[in-house]
Every structure is written in C-alpha cells, then in structure tokens.
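Quick look at what TrEMBL annotates:
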- 42-269: domain 'Radical SAM core' (DOMAIN)
- 57, 61, 64: [4Fe-4S] cluster binding site (BINDING)
- 101, 132, 192, 264: [2Fe-2S] cluster binding site (BINDING)
Ligand code: SAM
Ligand code: DTB
Ligand code: SF4
C-alpha cells in the first residue's frame, strides 16, 4: 500500500501545470490513486439546492441568469418563507440528500434578513441534514450569527483565475472573495469554494483557479467544479463550448491538489453524457447536486441519476461521512 498523498498548500504553478498536462491516462491514474487513498471510490455525496431568493442581483457576473445587469429576463423574488424552506428540505432528505444548500441572489445579505436565515439553518439542521448557504459576501458579524445558528458549510466560489476575474465580474474583486472565505474559515464554518470552467478562459486560468484554491491557508472542504451553463441574453450566452476532456482534466487536478476535499461535479450535468460523468467520478469527483433544478437552471431528473448510480455501482454517501480513512 502506497503512503497517502500528503496534504499540501504550497503547490507551485509549475507543478500544477505539469499535472494538468500529463498524458490523459497518466493524469486519470494519478487522480484515481489519490482518490482511493482518502475516499471510497464507489460513494458519491448528494446535495440539494434551493434558491431562497431569486433574481434581481446587483452584481454583474457574466454567466448568471440572476444578475439585474444582464439581459436575462428573470423576475426578482423576495426571500422565501422559513417554513417553505424546511418543507422543501424534508422532501430532499426523503430523496436521499444529506446536505441542503440554500442560495440567494445577493451581493451580500442585509441585516434585516439575518433572523430568517438563522431560522432556516436551525430548521434544516433539526431535520438531521448538513446545512450550507451561499449568500454572497459576508461581514464578520454575519458569519458569527450564521455559525451560531449551526451553519455547517458556506459556499463562496472564486469562479475563475485572478487574471480572468475582471473579464467575468466587475462589481467585486477576486480579493473580496478571498476576504469572505477567510472570515468563514476563521469562524470555524466549513468552506465550499470552487468555480466555473468553460467561460472562454485559457487553460492556464483553469490551472490557476485550482491552484488558488489549493494554496489557501486550508483547502476548502468542498470544491464545486461547474461547467458553464450558457444562459440566453447573458454576455456568455454564445461562448464556445469547452472540450469535455479539458473539464475532466480540471476535475483530476482538483482531486490531486486537494486530496481530502469533496470535489463536486456541479452545474452542467444535463449536457454531459453518462460516460463523461463516469469519467469525472473516476477522476475524483465524489459529490453531485440532485433534483431537477439547480438554482434556476436544469439538472438531471433524480431517476436518471439513480439509474446512472446503479449502472456504476455507486451508492450515496451517508451524512457526516467524509470518507477519510
Ligand atoms: N450570489 C451568491 C454568489 O454569487 O456567491 C450565491 C449564488 S451564485 C448563483 C453561486 C454560484 O453558482 C456562482 O458562484 C457560480 O459559480 C455558479 N453559477 C451561477 N451561474 C452559473 C452558470 N450559468 N453556469 C455554471 N455555474 C453557475
Ligand atoms: C456551485 O458551485 N454551483 C451551484 C452552487 N454552488 C450554489 C449553483 C449552480 C448554479 C447554476 C445556475 C443556476 O441554477 O442558475
Ligand atoms: Fe448575483 Fe451570485 Fe449571480 Fe453573481 S452569481 S449575479 S452574485 S446571484
């Protein structure tokens, strides 16, 4: 038995580039070897998303259906009722999801929303599920309030490399994102942070995005890797489709650089073949979003995912199981 790959936060650009550009079979073999050292390769964690406040967002993220600055015609909703969130979470639990992720189309939450957000966290936690929120940038006081309500994870993606960031978002900086991630980690909430590939970035941007995550003070506990879902009337609506092999390479790089993290095969699965998803699982992805809607966009039907799991002999990871040995 080989020694487990060490957990390192001092990866260099040269190392990351060399890994990403290995012959594909060598890359997959290395990623899968590392994956097996830390996880059961036949288990995949299921998370469920709910949009608790949709549309009308003040930020200008070029990929997003929910930005008020994009042309996408999505009407803005108010923050939904706490009881509705808990009822939806209960259904998700019955469907086998172990983590419930509540997302809001905000630059950051307003203080007047905090009491309802705390009640959502407490209510979902009382169901025995892990809780996750993604609400935009947070001040320290807001982080403490969510932590004290029992929030397990906070999702805050760096989305792309620092170099490409201003091509995608101009209303905040890469450094703003890192500040919130540091506040969340320092408060003891687990960090979920990843990004999007297929936004017209260069290969080096994909490498640098993974490198930025892997050289944070601690690796994020979860790393969502999203394939861009092109949304009509947004600036990225007609961006050239990325070679799926580049996507799999990105997943493999995430697995090798961050061996203990859950790597989530996130947005974009409706456009992926079963074979491509299987290859992503082999390359180290071990979490998905279940349910036919993400926040606003389509996701595979639950039956379809179950059939794929059955064909691959994959079972759902239990709550609280980080798979580590
Ligand atoms: N407003 C909060 C924020 O931006 O942090 C939370 C919600 S936001 C929709 C969460 C993440 O979803 C984004 O950071 C981005 O990575 C991902 N996302 C949004 N639109 C997407 C799209 N069209 N395709 C792929 N991923 C997308
Ligand atoms: C993440 O990285 N992907 C999820 C979750 N974190 C919040 C969101 C995907 C959104 C896809 C586009 C939509 O549904 O609007
Ligand atoms: Fe707003 Fe988040 Fe969409 Fe950006 S990704 S426009 S911050 S909802």
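The backbone N, Cα and C atoms fix where each Cβ goes, glycine too.
Everything TrEMBL records as a feature, shown here on the structure.
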residue	record	Cβ neighbours (10 Å)
57	[4Fe-4S] cluster binding site	23
61	[4Fe-4S] cluster binding site	23
64	[4Fe-4S] cluster binding site	26
101	[2Fe-2S] cluster binding site	26
132	[2Fe-2S] cluster binding site	24
192	[2Fe-2S] cluster binding site	28
264	[2Fe-2S] cluster binding site	25
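Ligand 1 lies within reach of 64 from the binding-site residues 64, 101, 132, 192, 264, judged by a C-beta closer than 6 angstroms to any of its atoms.
What surrounds the [4Fe-4S] cluster site, by Cβ distance within 8 Å of the Cβ centroid and not counting 57, 61, 64, is the set 59, 60, 63, 65, 66, 67, 70, 105 from the same chain. With a cut-off of under 6 Å between the Cβ and any atom of ligand 3, the binding-site residues 101, 132, 192, 264 reduce to an empty set.
For the recorded [2Fe-2S] cluster site, residues 101, 132, 192, 264 set the reference point as the centre of their Cβ atoms, and the other residues of that chain within 8 Å of it by Cβ are 47, 99, 134, 153, 155, 222, 224, 287. A distance of 18 Å separates the Cα atom of residue 57 ([4Fe-4S] cluster binding site) from that of residue 101 ([2Fe-2S] cluster binding site). Summarised as a single figure, the pLDDT of the domain 'Radical SAM core' (42-269) averages 95.
Look at residue 64 ([4Fe-4S] cluster binding site): DSSP puts it in coil. In this structure, the C-alpha atom of residue 132 ([2Fe-2S] cluster binding site) lies 20 angstrom from that of residue 64 ([4Fe-4S] cluster binding site).
Cα-Cα distance from residue 61 ([4Fe-4S] cluster binding site) to residue 192 ([2Fe-2S] cluster binding site): 19 Å (rounded to the nearest whole number). A separation of roughly 19 Å, to the nearest angstrom, links the Cα atoms of residue 192 ([2Fe-2S] cluster binding site) and residue 64 ([4Fe-4S] cluster binding site).
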